[in-house]
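First up is the structure itself, then whatever we jot down about it.
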Amino acid sequence: MAAPGLRGSSVALLLAATVLGSFYLRLAVSQQQGQGEEAAGEEEEAQRQRYNFRFVRHARDAPLVSHYNYIVVGGGTAGCPLAATLSERSRVLLLERGGYPYGNRNVSSEYHFADALADTSPRSPAQRFVSEDGVVNARARVLGGGSCLNAGFYTRASSEYVRAAGWDARLVNASYRWVERELVFRPEVPRWQGALREGLLQAGVTPDNGYTVDHVPGTKIGGTIFDSAGRRHTAADFLRSANPRRLTVFLHATVSQILFRRREGSASPVAYGVVFTDTMGVQHRVYLRGVGRSEVILAAGTLGSPQLLMLSGVGPRAHLEKHGVRAVVDRPMVGQGVADNPMNSVFVPSPVPVALSLVQVVGVTRFGSFIEGVSGSQFGIPLHSRRRAHSFGMFSPMTGQLGTLPPRERTAGAMRRAAEVMQGLDRRAFRGGFILEKILGPLSTGHVELRSTDPHANPAVTFNYFRDPRDVERCVRGIQTIERVVRSRAFSRFTYANATAMDAAFDRAALAKFLNLLPRHPRDTRPLQQYCRDTVMTIWHYHGGCHVGPVVDPDYRVIGVAGLRVVDSSTFKYSPGTNPQATVMMLGRYMGLKIQEEGWRPGPRN
């Protein structure tokens, strides 16, 4: 064993060698990355200055070693409000693997997961993945998370959901109000959305609840995160309320490992820091300051949080050992119970032009199906034609949403051929909108597993869409409701009088190869049960993998580990309300306040 003096010298030499090696590695990598990343970094810096986010920096500027009271992994829909709240009293580090949202196209009403999916560049704010079921999906990769890319609809969870979650109802309501003051607006409803609303009422989805952010049965207009000028507001906006002296945010920081050690006299491991990598491949270590009331908090989402737990040794032992990961804690249910609310959409061609609109109206049925709609030029006219020709919007082959083929037949070749043919169709064929239904729950669940030990790669995901027959029946009744809406008097202005009129306007048979139309083609004689299975797509509402009970306790602490929590949609057994973003944001604020209260509670006297 080395003498104490020599040990100190050795540590100093080792640290010096590490810093020197890091410097040369940075120099070599930066020379290889060229001017593209430098220009992008300058753009992000300019936007940070503009929005006064001086505490937001690129991960390559991070020190090799740092210390904080709280380390939040994931700057998304839950992570941003959580970090902002914790910074009121503590030093907080927020680590986000993606880039900066402000100043980019994704804050406009026209930018959506559709654009991100068609953008395959490394700097895309969304990372495309295909589930083992064959359905193309997306994972946000930007500060603000999915709120930077979604359809913007805002609605709370039901009071029943809040009670079942065991949450403090008064604090939940206060947290919702905090979110709503920052970024929720009442939408101006265009004529197509108004016709959808009246059509839902005429189809029996009653009562008419007017405008409300509450989850109640019937038809309603919900809130939106788009303001009256059409500008998108995101979860990143919550950082404006943070204490800038106590919060640090590093972008393009990919966390590869949670660090654990054993406490003296305790069999349970304790989290004491994380390791993250910047874009140059340099590793940085962040340690908790004053381990005991300091914590690592995962807010990396349904894919990211279970993946990081497993990469760090918390998960099913056999699965971890298969990938060469040493099990720190054997937790068999990590990654289990993952679900994605199946969505089935139909395109309703319109004889008249239709204004662009994202989700504003929802029909909350009493049989477990939610009906929504999106419309307008997004579906026939390329949004950003200078950059990319013909995206055809959020439900198109360009984004993997080829709903006319069963999921496992949606190959890259099939999508490419569909996109090529669609580009040659008369644009009148794309006037109209999609009416979609998604189901409550769902009851069908799957799992997330490691595909590799690369933290940059997406894990393997299986959702098992429609495995439970009750999900199928909810879908069938939802499609039947949409058929009644399309036939309603209120919606008649936006539908062709008959198939003959539609055929006279455009090549309906050609369009029906790529979009599910209503009315359905006479040759489509499939039972609705099979129709639901064949046409299933995602609406990006996946959740689960770190459920309360088997993985985390009611306070979201990881069971069997100290100093580690999970606060995001991976803890949900079912998706809250019709659209989950409101509740995910609320949970970030809610748990920030709860943790803050715990951290400042006087400790026991000796």
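All residue numbers here begin at 1 and follow the chain in the order shown.
The backbone N, Cα and C atoms fix where each Cβ goes, and this holds for glycine too.
Annotation source TrEMBL lists signal peptide at 1-21. The annotation FAD binding site is assigned in TrEMBL to Val142, Val255, Trp540, His541, Pro580, Gln581. According to TrEMBL, the feature domain 'Glucose-methanol-choline oxidoreductase N-terminal' maps to 301-315. Here TrEMBL flags Cys475-Cys532 as disulfide bond.
Binding residues for FAD (Val142, Val255, Trp540, His541, Pro580, Gln581) extend across at most 25 Å, taking the greatest CA-CA distance.
For the pair formed by His541 (FAD binding site) and Cys532 (disulfide bond), distance between Cα atoms is given as 18 Å, rounded to the nearest Å. Summed and averaged per residue, pLDDT over the domain 'Glucose-methanol-choline oxidoreductase N-terminal' (301-315) gives 98. A count of other CB atoms within 10 A of each Cβ picks out Val142 as the most crowded of the binding-site residues Val142, Val255.
In sequence order, Pro342, Asn344, Phe466, Val472, Cys475, Val476, Ile479 are the residues near Cys532 (disulfide bond), counting only same-chain partners six or more apart with C-beta under 8 A. DSSP states for the domain 'Glucose-methanol-choline oxidoreductase N-terminal' (301-315), grouped as helix (H, G, I), strand (E, B) and coil, give 11 helix, 2 strand, 2 coil.
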